[in-house]
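Asks: Okay, here's the structure, questions in a sec.
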Amino acid sequence: METLDEGSRQVAGNSMALGAGLPDDDGTGLHIMANAAPLRTSIKLRTAAPNRLVESEVERLKNKVAECEALLHEHKAALIEAEHMARFGTWTFDLLAKRPDFSDEARRLLGLAHAPLEPTPTDYSANLYAEDRARITEMMRAALVRSKAFDTQIRVVRDDGGLRWLRVIGRPEESGTYRPRRVTGMLFDITSMKRTHMQQRVELAVARLLQGTDPLPHVVGKIIRVVCKTLGWEWGAYWALDESTNRMHLLKGLSIDSKGYDVFAAASQQIGFPSGAGFIGEVFRTGSPRWVSDVTQDATFLRRDAAISAGLRGGFAFPVHVDGKVIGVLEFFSRFSRQPDALLPAISRALGAQIGQFVQRQLSTARIHYLASYDELTGQLNRSQFNERLRQALAQARHAHQRLGLLFIDLDRFKIINDTLGHEAGDVVLQEFAERLRGAFRETDMVARLGGDEFAVLLPQCGDVRVLTELASKVLRTTVEPVQVHGGKHRVSASIGVSMFPDDGVDAPMLLRSADTAMYRAKSQGGNNVQFHSAVMDAALQERLAFETSLGEALDQSELSLAFQPIFQLATQHVIGFEALLRWKHPKLGEVLPSRFIPLAEETGLIHALGSFALRSACEEAARWPAPLTVFVNVSSRQLADGDFPDQVGQALSATGLAAERLGLEITETALMQQQAVPLLEQIRKLGVRLSIDDFGTGYSSLAYLKRLPLDSIKLDQSFVRGLPHDANDCAIARAVIALGHNLKLSIVAEGVERTEQFEYLREANCDAIQGYLLSRPMPAGDVAAWLHKQSSINPGRV
């Protein structure tokens, strides 16, 4: 304006041109030209008129300039508002100034609200994804060097942690030289459009992945990769519940860039979240998604150190549901601190539903396949699958020239329970019997429920009559224990028919028919028995079952008794006690050896009744002896397995009046190795009862375990006495056992001494006591008192 003022002073009578320079926002300036001339008139003017004319014109020009400036600011404000409303910004990069220039909206879109007023390239690119930063840098170089325009998309993590997608357009400006001087362009916020596109893209990709039949770990790995690459996450994982431990474990975890994430992957693999604890456990418990803006600042995040090492910060996890139940959790992590946005929650809901439907479909498919082969109620093979397995087994047996056995089982009294107590009670009985039946056979044996209360068992490579007989008897024994139904105990038994290939049938229908016929014969004889289709096999079975039945009746018929064999102190040959030996005199078979009926009693469970009889009878007899000698009773491992066995011992002593120190229990070496043996024996020892290891050296024992047992003596088994003194091995073993016992402060009793040379060797080896035919055979209970009287009269002091 100084130019105008100066011009007013120079006005004379002639025309003149005036110029003025006004500053512009970009610093280039605004140039204004004005023409002035004196007014020609016939009226005389005062000498000051020319000055007033100039001043008037200058004032008008000033007002005009002010109006232009106001309009310029108004347009600029309107442009800023338009940029904000349209969600786009403008930018310029000047090659000479080497700096970018952004509009307000461009700064906001780039997350530079708090950046310096003149940000450097580092400032404006700091919030960009690494791959986007590299791409935009290369495009800027191409624009400046080759005058190449560009149009691309970038991802920006703003100051508040939100993720924004921007479209970037750049155009080089010609400068009259061979290279552009600067690049100008625009930024468009396409986040909303991009979210919709990405959501559709992810859901479509996942839908395609879930159309197949691949297992969940394989499919979910592909889904994680799709989500990470599409949405810009660095790490993803799927967690599933391990129902055996009630902890969440990593089913699948991966990163799109493996660099630096090994530590985090290893930490995730090793950790197990309780179903309600930790980042994953909480999502599983609540069934709701969870954001963590920055795990490095969360002290409760269990993998925090591994996340810091991997450079991971923001995290998001959401549940996968099937029928309203959470079955797994998907998690994703980013290297940026990210705030919740609308995209991933929206996608997570769709993903969770899609994966849940996939799992449900797989479960349904698996269920269909399962029901095609297995009985739904019992979990055993169904009739269709059993017939197929039977046909396959027959083909293999035919090819290999092998035999196989088949058991056809029908429950007795089942209909009464089912009709009286209802179908639910009947189902309980069937389930319990099926479980017991399965437990009675090997994994290779095939157990099936054919329908109703009919079961079958296929025994490949089993053609031995004795084995089949024992297995059939084993099935009968599974029914001895009553079934608990509706608060009451109900006993069912079984009728069993047995057939064999190729004797009773060469194909599946014939073999089943033969076993079915034998089963009905068993049922017609009152049930609870086994019938073979072959008459020869029937005879063998009947013999065993008759023997088993006779043993069960032996107690009631008073056919069992005790014999007593003296035990002598070796140094003095004084009687120090007796071993009680069980005897069975069958009315038809005569004397039955213990080696024959004791194992059968062990198998059938009758050993409990036999053992109880032997313990009570031995205490009664010893209480009547004229001398305070000890009676030793053998104890079965099955008896020792009863938790109330110490009570049984205490009751026997109380009922007979025998002093506890006069009772000794002989327990086999193998029975002592049972887990519950030590506490039970300690209870018995507290009663004052003596304890001895029977048949030492024939079983399996640990010396470390042996020293923990509250023992009084060890019995050297007769198998090591038999070869004395000529067998070097027997001699070495005998001396070793004697030395071991004495070092443990236990007395040693050698059994089976039948020859004088054995006696002499054991005495020289410092054995404490002996038992055997050399000094006395076992005698009936009624002869003990007379024998003791005779011993004392022949050799006073020996009793």
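Backbone N, Cα and C define each Cβ position, glycine as well.
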Asks: From the ranges 51-78, 499-526, 695-722, pick the one that TrEMBL records as coiled coil.
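Replies: My reading of TrEMBL: the coiled coil range is 51-78.
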Asks: Please count the residues of the domain 'GGDEF' (402-535) that DSSP assigns to helix (H, G, I), strand (E, B) and coil.
Replies: 56 helix, 39 strand, 39 coil
Asks: Within the domain 'PAC' (150-202), count helix residues (DSSP H, G, I), strand residues (E, B) and coil residues, in that order.
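Replies: Counts, helix then strand then coil: 12 helix, 27 strand, 14 coil.
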